[in-house]
């Protein structure tokens, strides 16, 4: 029995035919209400009404209509209807709780719009509610309106059909009901006006001591005083909805197109946007924040772990230098002492993240040449020591292209920086320590382990980060003891430039040729550059062939981090660089970096499982289909491939650089679009869903808010100038499906190209054709004739002229615009306008 699946909680009220019980589903744990309708002693009319309510609810799906779960007829003669539970109670009780204190106008209009959207949905389904009142309007925990109690609703076959049954609540009944006149959807508009008036004044719109006086007040059309605490637009809208004549009342669709209503909807969406942002901040959902905010926070966290070392006894200094093309923050400056952690953090945080014209760093470091027998081992260790941290940081900041060109030159030139440990800035690679005293790298190992779980800071030295902006330290740093001429003889300038062009897409990173820097700063061994470029291209082609080494290389990297540290070699004589050994070292380094790239793919694959969609994966798939086998890798892989080889991108190879910048810009742009769509609330739905959490009732409430925001956004986009309110049909006849463009009001406003194709109607026997079909066919033929004769633009102007109040002026202007066609099409245009305003198909 279905009732056994629910756990009884309490009775929450009594409806028209039975009681309403709050229950809890045993499986999903959600709360529902079961409406038990006693049909044992009910009349045939009441039985039909109860069955109709269950049938209607099962077909209706709208954010502002009570949700339907299931229904069944028990053996005890009761009809059970399971519906969603509205924790806020009904609107009537909510207004009573105000105790005479008026609601804010935005709250009144918010509820008003939600009730109107529910009525519009019902009317599009050809359903009259016929008992709309504040007791049948419910509120959820998040103040979302739910219209319910469709027990006496009636489904009309056509909009021109009228219902003449005298049912409803007297306070909300329209004058035509008491006069026993036919009525249609305008009766629900009257009831809607009564509800809005009650929300605004906390009183019934029409009230009297007895029923006779109440009926007399409604029939005579004596309007109650309009509320003065609200704007005149709202008062005028209430007055039109409570017009005595049904034809003078606006339809629900026209109500939602009023400029005042659309303005209030925009205010509601803006307030929801702000509330969503606060919820995102409160819940700490970093994915719902804008991408720039996340990156900014990451950049700050990278500087929190900076611990300055004491100065050496030699009095070495750190210089901050800049090129002429840099901005104001890149101007040359020098500091005799290292800054404190607070000053360092303040300095780095002042970097302009929106700067798009910064250049990369130009760094000069001391170079130590390893002995021939120890080059391979130290080079491998140097790469493996730095690579895992770089990989983790790449996984943390997917849109950042990090280009470590000093690292490249040191590896390819078989060199290694040797600065005093006291001069070492920890944001650089922790493996670059002095070689003069042969101190191990062990003192800096805890910093590596501390950075990984905390902020995954990028530790390659010196690094360039491009994510639409230059995120890392773009100030130019030069490390080394400059107080003696001997130290200057050991300095070889290792250079790299990263131009972030203003006219390029945000985040575009282009690697320029090394020779563009001042020629005095070129390294001594630049003669091996062509071979290194070929090696780099060969390495990039080999990256796609080592997927099988992912896990093994990853374990080797972690195992190496725990191995004993190696001592740095002593200073050799500068200039004795063996090109053959350098190439051999490049081969060894290529194997290590290739394995590291494979491990980065594994880490990327594991991290991509945490997100529903990955822009990098989509971009990678698209590139694999469009590009040749030599196409550039995605953002993170491109960063690693640049960090591995020791030569910047050649100028005769612009295509891989462009692919790299395209990867960077597209990935960042998609992330920003995703977050902005969350902030703009037309796509704010996923942001709200994340902020509220995917747990039980919170997720259900979030989905309801998302659906409401989507619906209000669609309502806000309705054209207020459209006077043709064609309601779509649930199941239109096939012959009209082919020609819906003639009923679409977009064609009347020039938004759809006019097509003058002829309509061929399928002949139906008149015996089986209902009256509504005949009228529909006539209107279609009339519309086709008018559009052909006048055209879309002229017909739109004629519609505007027909709105003129002065009849004489209207006819004169119609003659001027229509010219010769006035005699033939003036009457047809009036007829078409009348049918489109008063009949819905």
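Glycine is no exception: its Cβ is also placed from the backbone N, Cα and C atoms.
Listed in Swiss-Prot for this protein:
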type	residues	note
DOMAIN	6-261	domain 'Protein kinase'
BINDING	12, 13, 14, 15, 16, 17, 18, 19, 20, 35	ATP binding site
ACT_SITE	131	active site, proton acceptor
MOD_RES	165	phosphothreonine
MOD_RES	340	phosphoserine
MOD_RES	343	phosphoserine
MOD_RES	461	phosphoserine
REGION	517-700	region 'Disordered'
COMPBIAS	523-533	compositional bias 'Polar residues'
COMPBIAS	541-557	compositional bias 'Basic and acidic residues'
MOD_RES	563	phosphoserine
COMPBIAS	591-606	compositional bias 'Low complexity'
COMPBIAS	607-616	compositional bias 'Basic and acidic residues'
MOD_RES	622	N6-methyllysine
MOD_RES	723	phosphoserine
- Same chain, 6+ residues apart, C-beta under 8 Å of the C-beta of the residue listed as 'N6-methyllysine', given in sequence order: none
- Query: If you draw a 10 Å sphere on the Cβ of residue 18 (ATP binding site), how many other Cβ atoms land inside?
  - Reply: 19
- Note on the structure: Listed in sequence order, the residues of the same chain lying six or more positions from residue 20 (ATP binding site) whose CB sits under 8 Å from its CB are 11, 12, 13, 14, 33, 34, 35, 36
- Between 12, 14, 131, which of the recorded positions has the fewest other CB atoms within 10 angstroms in the structure shown? 14
- Distance between residue 18 (ATP binding site) and the residue listed as 'active site, proton acceptor' at the Cα atoms, whole Å? 17
- Task: Name the secondary structure element type, per DSSP in three states, that contains residue 18 (ATP binding site).
- Result: coil
